[in-house]
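Trainee: Take this structure first; my questions come after.
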Amino acid sequence: MALRFPRFSQGLAQDPTTRRIWFGIATAHDFESHDDITEERLYQNIFASHFGQLAIIFLWTSGNLFHVAWQGNFESWVQDPLHVRPIAHAIWDPHFGQPAVEAFTRGGAPGPVNIAYSGVYQWWYTIGLRTNEDLYTGALFLLFLSAISLIGGWLHLQPKWKPSVSWFKNAESRLNHHLSGLFGVSSLAWTGHLVHVAIPASRGEYVRWNNFLDVLPHPQGLGPLFSGQWNLYAQNPDSSSHLFGTSQGAGTAILTLLGGFHPQTQSLWLTDMAHHHLAIAFIFLIAGHMYRTNFGIGHSIKDLLEAHTPPGGRLGRGHKGLYDTINNSLHFQLGLALACLGVITSLVAQHMYSLPAYAFIAQDFTTQAASYTHHQYIAGFIMTGAFAHGAIFFIRDYNPEQNEDNVLARMLDHKEAIISHLSWASLFLGFHTLGLYVHNDVMLAFGTPEKQILIEPIFAQWIQSAHGKTLYGFDVLLSSTSGPAFNAGRSIWLPGWLSAVNENSNSLFLTIGPGDFLVHHAIALGLHTTTLILVKGALDARGSKLMPDKKDFGYSFPCDGPGRGGTCDISAWDAFYLAVFWMLNTIGWVTFYWHWKHITLWQGNVSQFNESSTYLMGWLRDYLWLNSSQLINGYNPFGMNSLSVWAWMFLFGHLVWATGFMFLISWRGYWQGLIETLAWAHERTPLANLIRWRDKPVALSIVQARLVGLAHFSVGYIFTYAAFLIASTSGKFG
C-alpha cells in the first residue's frame, strides 16, 4: 500500500477519518513526537531547517530590492524625498476599471502602483544607495546568499556533514561564535560600511567598489588610530545647516557623539550611529572571547552557574542544575530566545519613531504608523510564543530531581504567590482604570464635564524632566542647569539631546497629561492580564490543584473525559490560546493610543487628543469613528478613489474576524451532527453518490476548532486595523 500522509506517524496514517489530515498538519513540525525520531535526528533536522529559513528571508529581501529597482521610482525619490511618494511595485490587476487605473497611477508612474509604507526607501537612502543599479546589485547579492543558504541546508543533511549532538550541545563555542562572529564582526562590518559608504554618500561623495580604495573616509586616514589621537575622528562634524546627500554644510568627522537629530532629516546623525556600532562591535568581540573552549582558558558556564549560591541560605540552591536543564531542552532555549527577541522587537517599535535612524522617515507619517504597529504586533506573537515553549519545557523536559531547590523548582513551589499577585494587580488596574473612564463618561453625558477625575502623570513628567524636558518646571538632573549631570555632558552630546527633547517637531518625550495617564493604565491592565494568563499556563503546566496529574496529558488536551469535572479548558495550550486574545486586545490599545496621539500632533490639533481621550466615548467617536468614516463610506456605484481598496480590506477584515466566532462559539457535537446529516444526504443523492471519500468526515477536535477560530480572529483583527491605519493616515498626509 502507498504511504499515506502523514509519513512521520504510522498511527495517524492508518486513521480512517479526516482526523488523519488535521492531526497530521498539526503535528508536522512537532519533530519530537514523530516515529523513529532520535535526539540526533531532531537536532540535525532543526539545524538544516534554519538554512531554509535564511534562504526564504534572503529571497524575500532580494525581491523587495528587485521590484523597487524594476518598477519603483527610487532615483526620482532620492532627488526629493519629502515630496515624491515612494513606489513599492506596480499593480497588474485585470479587475481594475478605468477609475481604479487612474486612482492608482501616482508617484510619476506610467500605470497603477502601490505606495511603499515600509520605510525601505529611507533605509536604502541612509545607508548610501542612490541608483537603481545599486538596488539591482543588492538584489543579486541577496539572491546569491539565498542559494548559498539552500546549499548549506542540503549539505548538512548529508551523512558526511551532519553535526553530532555533542557539537549542538557545546554551549561555550556557540556563544563565542554568536557573540564575536555574528554580533561583533557584523557590527564592525556595519561600522565599516557606514564610515566608508554611507557617511561619504550623505556628504555627496559616491563610493563604490571601483573607487573604494582611493577615497579616504577621513582626511587623516588611519593616522589618528595608530597614534592614539582618536578624538581627531570626532572633530569637524556636519553643521546644523548640512543638506543631507550634498557637500553643503558637511564636515569630515566619522565617529561623533553629537546627540539629537540632523535638523534637515530629523534622524540620528550618521556619525553618531557609526560610533555606536563601533562601540557595540568592541564590546561583543571581547564578550565572544570569555568562554572556555579548546584552549582551557576563560569561563565555563556550568561552573559559573553551579558556583552561584544566593547568600543567606533563604533562596535555596540558586542556579545549580540549570546548565544541564537548559542545555538539554530545546524548548527552554527557544523560550529564552523568543522572550529576548520579543522584548527587542517591541523596543524596535518604540525607538524607530522616537529616535528615527533613517533620513526623512520621521516626516513620512504613514510609514511611521505602519512601522510602529507592525513591530508591536510581531512582538506580541513572539512573546506569547516564548511562554508557550516555556510551558512545553515544563511538561516534556523538566526533571524535578535535577533541579531540586534551585530557582526553577522554587518558582514552581511558590507559584500560588506569583499568580495571586498578578491577579491582584490585574484586578486593581482593571477596576480603577475602567472606573475612572466610566466616571468621566457619566460626567460628560450628564452635562458636568468639569467634574471629570483628571490625574496628571506627575511621576512620568518628573522622569521626562530628569532626561532634560523643561516644560513641566521640575528642576532636576538634566533639566537643572546647575547640576553635575548637566555640566558633565555640556561640551559633547548634551546640547543636541536637549534641543531634540525640547523642540516639538519630533516624537521624543511627548508632552503627557491626564489622557495619557488613563490609557497608560489601561495598557498596564492588558499587559498584566496577558502576563497572568501566560505565567499561570506555564507554572500550572505540570499540574494544578484540580488536576495534579496534568503533565501526563501533554501540552494540549480538551478534558479528561466527561466524567472528571474541572479538567476542561485548563491545558497549557488553553492558557496560550486565551493569552493571545488578551495580547491582541492590549496591542490594540497601544496602537490606538500611539496613532491617535500622533495624528493630532501631526495635524497640529493636539488638544483633540487631550480633551477626548479622558472618556470612552471620546475614543470611540473622535478616534475610531472619525478616522474610519472614509472607510465606512467606502465605494459606491458612482466612483471610487485610492482609499477604496482599503475600504474593501476594512470590510473583508471584519468578515474574517467575525468568521472566527463561528468556530469559537459552538460545540463539537453540532458540527458532528451537521456532518453526519450532509454525509447521509450525499450518499442517497443520485450522481453525487458516485463520489466517495477515503476518510470518514468527522468534526474538528475541540482544540483544533479553537485554533481555527483564533487564527481567523487574529488575522481578521490585524487586517482590519492595518486597513484603518494606512487609509486614515495616508488619506490625511499622503
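Each Cβ is built from the backbone N, Cα and C atoms, and glycine gets one as well.
Values in this document were obtained by computation on a predicted structure and should not be read as measured data.
Summarising the annotation, Swiss-Prot assigns transmembrane segment to 46-69, 135-158, 175-199, 273-291, 330-353, 369-395, 417-439, 517-535, 575-596, 643-665, 707-727. Sequence annotations record features per position, and here Swiss-Prot assigns [4Fe-4S] cluster binding site to Cys559, Cys568. Feature annotation from Swiss-Prot assigns chlorophyll a B1 binding site to His654. If you look up Swiss-Prot, you'll see Met662, Tyr670 marked as chlorophyll a B3 binding site, on the strength of sequence analysis. Positions annotated as phylloquinone binding site by Swiss-Prot: Trp671.
How buried are these features, and what lies next to them?
Mentor: Residues 171-173, 175-181, 183-185, 187-188, 190-191, 194-195, 198-199, 234, 254-257, 298-301, 357 of the same chain lie 6+ residues outside the transmembrane segment (273-291) yet bring a C-beta within less than 8 angstroms of a C-beta in it.
Under 8 Å from some Cβ of the transmembrane segment (330-353) lie the Cβ atoms of residues 42-43, 46, 361-362, 368, 371-376, 378-380, 382-383, 385-387, 389-390, 392-393, 396-397, 507, 594, 598, all in the same chain and six or more residues away from its ends.
Sequence-distant contacts of the transmembrane segment (417-439) (same chain, at least 6 residues past either end, Cβ-Cβ under 8 Å): 411, 452-453, 455, 518, 521-522, 524-525, 528-529, 531-532, 535-536, 539-540, 614-616.
Secondary structure from DSSP puts Cys568 ([4Fe-4S] cluster binding site) in coil. With a 10 A radius on its CB, Cys568 ([4Fe-4S] cluster binding site) counts 15 other CB atoms from all the protein chains.
Within its own chain, His654 (chlorophyll a B1 binding site) has Gly716, Thr720 as residues 6 or more apart in sequence whose C-beta sits under 8 angstroms from its own.
Listed in sequence order, there are no same-chain residues at least 6 apart in sequence whose CB falls under 8 Å from the CB of Tyr670 (chlorophyll a B3 binding site).
Listed in sequence order, Ala699, Leu700, Ala705 are the same-chain residues six or more apart from Trp671 (phylloquinone binding site) with CB atoms under 8 A from its CB.
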Trainee: Which of the listed binding-site residues (Cys559, Met662) has the least company, meaning the fewest other Cβ atoms within 10 Å of its Cβ?
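Mentor: Among the binding-site residues Cys559, Met662, the sparsest Cβ neighbourhood within 10 Å belongs to Met662.
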Trainee: How many whole Å apart are the CA atoms of Cys559 ([4Fe-4S] cluster binding site) and Met662 (chlorophyll a B3 binding site)?
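Mentor: For Cys559 ([4Fe-4S] cluster binding site) versus Met662 (chlorophyll a B3 binding site), the Cα atoms are 21 Å apart.
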Trainee: Please determine whether the transmembrane segment (643-665) and the transmembrane segment (575-596) are in contact (criterion: at least three Cβ-Cβ distances under 8 Å, sequence separation 6 or more).
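Mentor: Per Cβ check, the transmembrane segment (643-665) does not touch the transmembrane segment (575-596).
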Trainee: How many Å lie between the Cα of Met662 (chlorophyll a B3 binding site) and the Cα of Cys568 ([4Fe-4S] cluster binding site)?
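Mentor: Each residue's Cα considered, Met662 (chlorophyll a B3 binding site) and Cys568 ([4Fe-4S] cluster binding site) end up 20 Å apart.
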Trainee: Which residues of the chain, 6 or more past the ends of the transmembrane segment (135-158), have a CB below 8 A from one of its CBs?
Mentor: 44, 47-52, 54-56, 58-59, 61-63, 65-66, 68-69, 74, 124, 129
